[in-house]
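**Q** The structure follows.
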Amino acid sequence: AWYVPCLASLETLQELCRKENLTCKSIGITNRSLKSYEVEYLCDYKVEEGKAYYLVKWKGWPESSNTWEPRKHLNCPLLLQNFLRDKNEYLSRVRDGKALKVRNHVKALKPAIADYIVKKAKQRIALQRWKEELNRKKNHKAMILVENTVDLEGPPLDFYYINEYKPAPGINVLNGITTGCECADCPAEKCCPKEAGFILAYNKRKKLKIQPGLPIYECNSYCRCGPDCPNRIVQKGTPYSLCIFRTNNGRGWGVKTLQKIKTNSFVMEYVGEVITSEEAERRGQLYDNQGNTYLFDLDYDSDEFTVDAARYGNVSHFVNHSCDPNLQVFNVFIDNLDLRLPRIALFSTRTIKAGEELTFDYQMKGSIDLTSDSAEGLSPSKKRIRTVCKCGAVCCRGYLN
């Protein structure tokens, strides 16, 4: 589905709702807010006749309804903390990193400070709404958090969260599988992997035991085994709470884990639009000019299809590249046994500490590691602008592609 953004501002929609006495929870207009005033954020500060006043943006009311209120009327300690923190953050940035505070005798904030405070407040609200949207759309139990303590960047405007492949017209990512295993104990019997000629990918602790390059065949929707089967891992989604955060070294958004991840554990699946390689080549030229890298070739058996996570994807859309990554790519087959269309799963290569950023090598292609040397052998149509790598690893190759 294609989405068309509303051309009216949030404030305009709120004002229209109030005039027509309508409620709309998604833009903050409820029955309660129609008749009451709740502080959404604080915009400015001044002192008059020895009394401190704050300019208040009321929740569900347009900015034209902002009012100056004395400090004693405000019962919003968290919003006051945010206001003071944002003010001091601005001052520390403009004064060479030295944290300074507005002296008590200052009667009003400079317009640039007030403008920054409002932008930070709006960003905080936008990121909170984005976090709520992501957690509504995800199909796994673990939480997704969002954090930006670096700049004023808000949620991406042209990104839509999905949980599974979104095939382009004419591409079928489900091949109509109608049979499954009859195992009572999948690890001990001739289960789905053995039928395909491979070994079971997981051990009894549900950790990966196969080497990179080998495929994973999980039990499917027609298998006799239940949801607790040890051969059902990727299909359950990520078990870890993750945080999409803004990096401080120019790499845009990144993803970090909020929980410890043990070696050989499933972390997340890479999803997006499934397109033909010809369409991927066309889009790749555009993405290279923008400095973006979201194309993942499904080249386990052939080179017919590519996953494009630029506009549609999950948390993996925000995972950065590293030449020394902590995640490894594996090809997975569950309800589709078409070797041209594997699902892409990311597993940990080592123990990952809570708070550590998650990364994978963008040149990993399942069983093939496309190094910078082998890239020189590509045809002229496949050669594109090289993107500089900022991973900072000791073994950094210098480029993403």
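We count from 1, first residue shown onward.
Cβ coordinates come from backbone N, Cα and C, glycine included.
So TrEMBL has the following annotated:
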- Cys181, Cys183, Cys186, Cys191: Zn(2+) 1 binding site (BINDING)
- Cys181, Cys192, Cys219, Cys223: Zn(2+) 2 binding site (BINDING)
- Cys186, Cys219, Cys225, Cys229: Zn(2+) 3 binding site (BINDING)
- Arg251, Gly252, Trp253, Asn320, His321, Tyr362, Lys390: S-adenosyl-L-methionine binding site (BINDING)
- Cys323, Cys389, Cys391, Cys396: Zn(2+) 4 binding site (BINDING)
- 37-95: domain 'Chromo' (DOMAIN)
- 179-237: domain 'Pre-SET' (DOMAIN)
- 240-363: domain 'SET' (DOMAIN)
- 385-401: domain 'Post-SET' (DOMAIN)
**Q** Near Arg251 (S-adenosyl-L-methionine binding site), which of the binding-site residues Cys183, Cys219, Cys223, Cys323, Cys396 can be found within 10 Å, Cα to Cα?
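**A** For Arg251 (S-adenosyl-L-methionine binding site), the binding-site residues whose Cα atoms are within 10 Å come to none.
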**Q** List only the single closest residue to Tyr362 (S-adenosyl-L-methionine binding site), chosen from the binding-site residues Cys181, Cys183, Cys219, Cys323 by CA-CA distance.
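**A** That would be Cys323, the closest of Cys181, Cys183, Cys219, Cys323 to Tyr362 (S-adenosyl-L-methionine binding site).
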**Q** Residues of the same chain, at least six outside the domain 'Post-SET' (385-401), with any C-beta under 8 angstroms of its C-beta?
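**A** Counting only partners 6 or more residues beyond its ends, the domain 'Post-SET' (385-401) has Cβ contacts under 8 Å with 249-251, 288-289, 291, 293, 320-324, 359, 362-363, 371-372, 375.
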**Q** List the residues in the vicinity of the Zn(2+) 4 site, defined as same-chain residues other than Cys323, Cys389, Cys391, Cys396 with C-beta within 8 angstroms of the site's C-beta centre.
**A** His321, Ser322, Asp324, Lys390, Gly392, Ala393, Cys395, Arg397, Gly398, Leu400
**Q** Relative to the mean position of the Cβ atoms of Cys181, Cys183, Cys186, Cys191, the recorded Zn(2+) 1 site, which additional same-chain residues have Cβ within 8 Å?
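**A** Along the chain, the qualifying residues are Glu182, Asp185, Pro187, Glu189, Lys190, Cys192, Cys219, Cys223, Arg224, Cys225, Cys229, Asn231.
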**Q** If you count the C-beta atoms lying within 10 Å of each candidate's C-beta, which of the binding-site residues Cys181, Cys183, Cys225, Cys396 ends up with the smallest number?
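**A** Minimum Cβ neighbour count within 10 Å, taken over the binding-site residues Cys181, Cys183, Cys225, Cys396, occurs at Cys396.
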**Q** Would you count the other C-beta atoms found within 10 angstroms of the C-beta of Tyr362 (S-adenosyl-L-methionine binding site) for me?
**A** 24
**Q** Cα of Trp253 (S-adenosyl-L-methionine binding site) to Cα of Cys181 (Zn(2+) 1 binding site): how many Å, rounded?
**A** 41
**Q** Sort the binding-site residues Cys186, Cys191, Cys229, Asn320, Lys390 by C-alpha distance from Cys396 (Zn(2+) 4 binding site) and give me just the closest.
**A** Lys390
**Q** Measuring C-alpha to C-alpha, could you say which of the binding-site residues Cys181, Cys323, Cys389 are within 10 Å of Cys225 (Zn(2+) 3 binding site)?
**A** Cys181
**Q** Among the binding-site residues Cys192, Cys229, Gly252, Lys390, Cys391, which ones place their C-alpha within 10 angstroms of the C-alpha of Cys181 (Zn(2+) 1 binding site)?
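**A** Those near Cys181 (Zn(2+) 1 binding site) - Cα within 10 Å - are Cys192, in sequence order.
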**Q** Cα-Cα separation of Cys191 (Zn(2+) 1 binding site) and Cys219 (Zn(2+) 2 binding site), in Å?
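**A** A Cα-Cα distance of 8 Å.
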**Q** Please list residues from the chain of Asn320 (S-adenosyl-L-methionine binding site) whose Cβ is under 8 angstroms from its Cβ, counting only those at least six apart in sequence.
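**A** Looking at Cβ-Cβ distances below 8 Å from Asn320 (S-adenosyl-L-methionine binding site), excluding near sequence neighbours, one finds Thr247, Arg251, Gly252, Gly254, Val255, Glu357, Thr359, Cys391.
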